[in-house]
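Notes to accompany the following structure.
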Amino acid sequence: MMIRNQLNRESEKDHFNGLAATWWDTQGSQRILHKMNLIRMDFINDTIKKNLKLNKDIVNDEEDEIFIPGWNFKGILPTEVSQNIQFEQTKKINEMYSNLKLDCLDIGCGGGILTESLARLPIVSKIKGIDLSPEVLKVAKQHMKLDPILSNKLEYELKAVEDLNESDMYDIVTMMEMLEHVDHPAIVLREALQHVKPGGYLFLSTINRDLISWFTTIFMGEYVLKIVPIGTHTYSKYINDFEIKEFAQEFKDEFKVIDSKGCIYLPLYGWKFTKSSGVGNYFLALQRKG
Amino acid sequence: MFRRLLSTAVKSTVPQTADVVIIGGGPAGLTLAAAIKNSPVLKNLNCKLIEGGNLIDPLESFHTTTPEDFMNRVVSLTPATISYLQEIKAWDYVKEERTETYDSIHAYDGVTGSKIEFDSPEIATMCENFNLQSALLQRIKDLNEVSESDLEIVEKTKVIEITTNEETNWPIVQLSNGDSIQTRLLVGCDGFNSPVRKFAGIESRGWSYDRWGIVATMKYKNDAFRYPTGWQRFLKSGPLAQLPLPNGWCSLVWSTTPELANILMKLPEDQFIAMVNAGAKLSPEEMGYLYDLAAKNDDTLIDEINWRLSLFNSKLKPEEESSYPLELESMVTNSRGRFPLRLSHADTYVDERIALVGDAAHTTHPLAGQGLNMGQADVKSLVHTLEVSAQRGLDIGTKFALEPYFSERYPENHVMLGIVDKIHKIYSTDSTPIVMARSFGVDVINNLPFLKDFMVSQISNK
């Protein structure tokens, strides 16, 4: 309990309690967050697909094996051949993807924007969303009633990550736009990693502590354009992507940073991935070995 | 297998639940149903199609015992539409021997005689509505064979009322067979008077053209042969179009004022055929005289037309003969029909748990043959939007998930409606400066191949 209070100052909790009413207002103040959820889902789906091991379970029968040249076949082989190889691979990947059955945990689930989206994916068999704000959890529980397919896949709990059973293990753990709201991100991240199954993923997104982030998220976002409510962000809590990567070195025998991508909000368009994860908002994916 | 499509007889007061309910079994509704079941992402959605009329038996009998005569409801399909129908593998079932692809349209001015020829390989394909709908039904039956959840077609069933579930805000559709269905997404493919649009309170704006479109299936004189060509003569009252069908048949679409439409609809069929031949060649003054004769039930009408046409033909130089359509000789009995023409555009195509597709969202003048094709493009865009939203785990019935469909289609449809509207307005006047300007414009366009190619590519969506 002591740690929990230390992690989450009352002011943060109060702030999010206040946001509860507008959490699912996709046409109003939370639209930008709902828009961001679209590329969160893209990032998660893409990462999972990219890291499927095509011939993993095939031991004896070479007929079933998908040909992976291991070199730049698109540049060298005739177009028709390389298209065929590509087609075979994509087909197999989609087949493997659709057979997945994943158990998920969403830490800092808030009103359940990401949690509900993950729950609707056919590849997710169960998902638990946890958060520390009772008000937003109430909204999340209320909102899930609007879609009957959610009730047998999704549950919410008022809980801190360190209060989870040590034996609770998940294929996917997510912490989206969460680390920048806690006082000791390293502790929270370390706790979260303990619940990732071997071969499973931890997805997180947060904000680099740089001038651009301050300008876009706080100055423009909160004060000038008023896209998000004032007080949503605290600059000093932003975390640079290299800080997380350095931190991950501590676990390098067990975890690997498999992808990181920046993203930027373009008014009238929505969120877009950028090449640099070192500027502004970014996503990061870690995979546990095994 | 075929029984599986029919609605179940079980009645209950507790609403059934569906993911998608499509209202309307026209080309748009059936294409949407087939496309959803064909999509790897959406195929397992629980999806139902509601149609007020008798749908399955007539479409099945068209498929098994093809009627001899062509039907009078014919549409012009653009290459883009056909390639989408091929993508969802419905085109395989279209009876291609009943369709006609043409690569040239001759458009000419009924007042000045200025003409413009559009040539492009496969500019459009004429196809009976029924041929298309029947193919889509066969495709849906295929897909039902392999799918975990069938697409159910509930026919001969009207929508009595649409209400809202107060807890979930899902629409509940009350049907005339006593069933009610609550649905994640309600799609209106239910035509210009769309009950779904009215339920959603979406405003549709536009105007009546104060014109009727008269359709008929007609045949050219037997001994003549020409490559399939579309003909369109811009008369002041509206364009007269003859669009090719196989074996010397053609589909007539004659847009005209309500007064003239009344006269033309009442004529005996032989006099009607003569009037169409006159409309393709004679001057506005001569046509005015002929309408007067026709209105008076004058027996001399056919002789009068034949005399005037022979005079016209005798003055034609041999090389000019191919600038006019051949003469029509006969028509399918009772194939004459008419429908009102109007422009309308809904303020939005999407709302919470609502999407509008095709004529429910927009109607246009038939002069460019775009109405059905715009609806097909809507279906393609909506299905793509639903796929992307489903892959991102969104509730596909929410306005947030449906918005990309609206933002993709509205501007394109708006431009198309505008272009067609301007063409109608420019040609429905005989004010001298406008007539001179349009003839000059048309002559210029006709002599600038690149500009013509651009226009063709816009109309045929290449």
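Cβ atoms here come from the backbone N, Cα and C positions, even for glycine.
TrEMBL annotations:
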- A:Arg40, A:Gly108, A:Asp131, A:Met176: S-adenosyl-L-methionine binding site (BINDING)
- A:Glu177, A:Glu180, A:His181: Mg(2+) binding site (BINDING)
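With a cut-off of 8 Å between CB atoms and residues at least 6 apart in sequence, the same chain places A:Gly108, A:Cys109, A:Gly110, A:Leu137, A:Ala140, A:Tyr156, A:Leu158, A:Lys159 near A:Asp131 (S-adenosyl-L-methionine binding site), listed in sequence order. Distance from the CA of A:Arg40 (S-adenosyl-L-methionine binding site) to the CA of A:Glu180 (Mg(2+) binding site) is 16 Å. Taken over all pairs of the listed S-adenosyl-L-methionine-binding residues (A:Arg40, A:Gly108, A:Asp131, A:Met176), the Cα spread reaches a maximum of 19 Å, rounded to the nearest whole number. Other than the site residues A:Glu177, A:Glu180, A:His181, same-chain residues with C-beta atoms no more than 8 angstroms from the centre of those residues' C-beta atoms, the Mg(2+) site, are A:Gly108, A:Met178, A:Leu179, A:Val182, A:Thr206, A:Ile207, A:His233, A:Lys237. Separation of the C-alpha atoms of A:Arg40 (S-adenosyl-L-methionine binding site) and A:His181 (Mg(2+) binding site): 18 Å, rounded to the nearest whole number. Every protein chain shown contributes to the tally, and the Cβ of A:Glu180 (Mg(2+) binding site) ends up with 22 other Cβ atoms within 10 Å.
In the three-state DSSP scheme, A:Asp131 (S-adenosyl-L-methionine binding site) is classed as strand. Classification of A:Glu177 (Mg(2+) binding site) by DSSP places it in coil, neither helical nor stranded.
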